[in-house]
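K.L.:
Below are the structure tokens for one structure; questions will follow.
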Amino acid sequence: MSLFHLLRRSVTVAVMSESAPNHTSARRLTQPLEPFVGRQVLVGVSGGADSVGLLRALLAVGALPAVAHLDHALRPESVDDAAWVSDLCARLGVPCEVTRIDVGAVAARRNWNLEAARRLRYDVLSRAAKHSGAEVILTAHTRRDQAETVLMELLRGEGRIRGIPPQRGRVRRPWLNVGRAEIETYLRGLGQDWREDASNADPRFTRAWLRREVMPVLLTRFPAAETALAQVAELGAEDDAALQALAARLTPHTPLDRQPPAVLRRWLAAELRSGGLDFTAEQLRDLAGALNAGQTRHLTLPTGRDVTVTGGHLYTAPCDWPEPDFPLPPDWTRRTRQAGDRIRLAGGTRKLSDVLTDAHLPRAERDRVPLLTDEHGAVQWVGVQPPLWAVGARESLGLPADPLHAAMGEALALAQQAAERQEVPVGAVVLNADGEIVGRGRNTSREDGDMTCHAELAALREAAAGLGTPYLSDCTLVVTLEPCPMCLGAALEARIGHIVYGAANPKAGALGGVSDLLADHWGWRPTVQGGVRAGEAARLLREVFGEVRRRSADTPQTPNAETPAPRSSRSTSASGKPTMLE
């Protein structure tokens with residue numbers, strides 16, 4: 001909905017209330033302060049009507065306020081403001097802490113604009129709250145401040161329109177729905193004066209310019225513009241909270257290219273902020289667009305840090321590549337890649353450049369990946385995560401096989417057995433805490449006439465029977481294909497500790513292939529690692545389904561329980577036709 005329509009939508013109600021007889025009383029101002037009755041609170045008081053009104057209203061309801069005042073030294077009169085606030089607090093019997101900071105000098109030294117430098121105020125408030133023992137910090141932001149903030153967010157083109165939050169940390173802003181006129185009326189009724197800050201009328205400051213030049217024009221056409229803009233902030237904050245919750249549910253194995261752009265932007269913002277990185281709204285949109293489209297993008301952030309999006313991943317720092325954890329043979333050499341490097345893998349010899357590209361490594365990082373080569377210069381080991389070995393290299397050093405690599409080999413052998421019986425080619429094994437196989441399984445759905453006979457369930461049953469317990473929290477489930485919801489549910493019920501899978505499951509995957517069920521809060525959460533020997537697992541699937549298609553083309557027929565149909569899931573379709581997953 002456009003800002004224009006939101007303004008129009010709020011005009012009727014607001015104008016009716018403003019045109020009605022004015023029965024505004026102190027009750028409207030004091031009611032939001034009732035949660036603070038009898039509590040120690042710190043109030044930021046500048047001397048203006050809003051903050052003075054908040055102080056007087058807190059005293060009226062029985063709160064226990066202390067005052068903090070920042071003399072920002074931006075005007076010669078700021079010294080008089082500080083003295084005025086101190087005198088007011090003395091007359092009211094309220095503790096007062098005054099701090100003087102040359103905000104202009106700080107802004108120049110740190111290359112801030114003056115509006116940004118005013119954030120120093122919250123540092124002052126936090127220190128004063130600690131000194132006074134206050135539980136919360138209260139500021140007197142009003143509906144006018146909220147409306148101005150929404151306008152600034154809109155004009156800056158920010159991706160999120162949230163306005164001023166009612167609460168952030170220990171800071172509370174109880175008067176965001178209160179108008180300035182109500183506060184002035186309240187103070188006049190008390191016979192209380194206040195100070196006027198001339199900088200609030202200085203058009204060099206964006207907020208002051210909006211207040212003096214823009215809002216009067218808006219109010220001429222839309223008398224309830226202030227209320228409407230405050231409502232935009234409230235609705236925007238609700239929407240933002242919902243989208244933030246969706247972003248927080250993304251797990252390391254969730255495919256980012258399937259997320260809505262609004263969710264991606266919030267996920268990216270959280271990731272960048274967690275690394276202490278600043279960014280612009282345009283950069284955030286650019287990175288989110290690249291993630292959504294599966295593209296590669298390299299950007300330099302305002303702090304000078306380079307970030308990269310590639311292969312559906314965000315890289316904010318140089319990668320920490322693993323070092324060899326075994327003795328190096330004397331004729332092996334440690335180096336980085338060179339033109340023409342190749343490595344012999346299970347599927348044949350490949351260019352190292354293609355291997356690193358398929359691993360979606362940032363281009364700038366590919367020249368940093370450590371390699372080990374033999375006396376002939378052939379690549380034997382690649383220091384990616386997990387490390388990649390050439391065929392026979394590990395064995396030539398007398399090193400034990402990588403447990404997960406070996407376990408996936410057993411699962412692939414079971415998947416091959418399933419394929420030979422015209423089953424969906426999926427195999428699974430369960431490893432105990434020592435890495436020993438304690439359960440094996442393959443798909444037998446057609447063999448047994450039961451579509452719940454999946455490889456994972458068979459392996460879990462065998463492991464539970466052998467170990468004498470249904471709970472397998474110290475065990476690892478290794479399966480050639482990303483589990484479906486049924487099998488993931490069984491693994492959760494078994495309290496499996498780790499899940500390792502090979503190929504992604506774009507038709508029925510429950511770990512990101514279709515939906516990431518672990519994004520929800522279950523009573524148990526295993527760790528997940530995908531992509532182990534994924535190429536071999538995917539190749540087996542392609543071979544099986546390629547044969548199915550060729551056979552179907554040679555002998556047209558309606559798929560039935562004995563003849564697998566191409567491109568199916570490991571369940572029965574709505575039409576009753578058995579399906580298989582590719």
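Positions of Cβ are set from backbone N, Cα and C atoms, glycine also.
According to Swiss-Prot, the record shows the following:
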{"type": "BINDING", "residues": "Ser46, Gly47, Gly48, Ala49, Asp50, Ser51", "note": "ATP binding site"}
{"type": "DOMAIN", "residues": "402-525", "note": "domain 'CMP/dCMP-type deaminase'"}
{"type": "REGION", "residues": "548-582", "note": "region 'Disordered'"}
{"type": "COMPBIAS", "residues": "563-575", "note": "compositional bias 'Low complexity'"}
K.L.:
CB neighbours of Gly47 (ATP binding site) within 10 A?
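P.N.:
There are 20 such Cβ atoms around Gly47 (ATP binding site).
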K.L.:
The domain 'CMP/dCMP-type deaminase' (402-525): mean pLDDT?
P.N.:
95
K.L.:
Need the DSSP three-state call for Gly48 (ATP binding site) to compare against my parser.
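P.N.:
Note: Gly48 (ATP binding site) is coil by DSSP, not helix or strand.
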K.L.:
Can you name the residues of this chain that are 6 or more positions from Asp50 (ATP binding site) yet have a C-beta less than 8 Å from its C-beta?
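P.N.:
The answer is Ala140, His141, Thr142, Trp175, Arg180, Ile183.
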K.L.:
Helix, strand, coil residue numbers for the domain 'CMP/dCMP-type deaminase' (402-525) per DSSP?
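P.N.:
Residue counts in helix, strand and coil order: 47 helix, 25 strand, 52 coil.
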K.L.:
Taking the centroid of the Cβ atoms of Ser46, Gly47, Gly48, Ala49, Asp50, Ser51 (ATP site), which other same-chain residues have Cβ within 8 Å of it?
P.N.:
Val45, Val52, Gly53, Ala140, Trp194, Arg195, Asp197
K.L.:
For Ser51 (ATP binding site), just count the other CB atoms lying within 10 A of its CB, please.
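P.N.:
I count 24 other Cβ atoms within 10 Å of it.
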K.L.:
Report the same-chain neighbours of Ala49 (ATP binding site): residues 6+ apart in sequence with Cβ closer than 8 Å to its Cβ, ordered by sequence.
P.N.:
Arg180, Ile183, Glu184, Leu187, Trp194
K.L.:
Going along the chain, which residues six or more apart from Ser46 (ATP binding site) have their CB under 8 A from its CB?
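P.N.:
Residues satisfying the criterion: His69, Leu70, Asp81, Val85, Arg195, Asp197.
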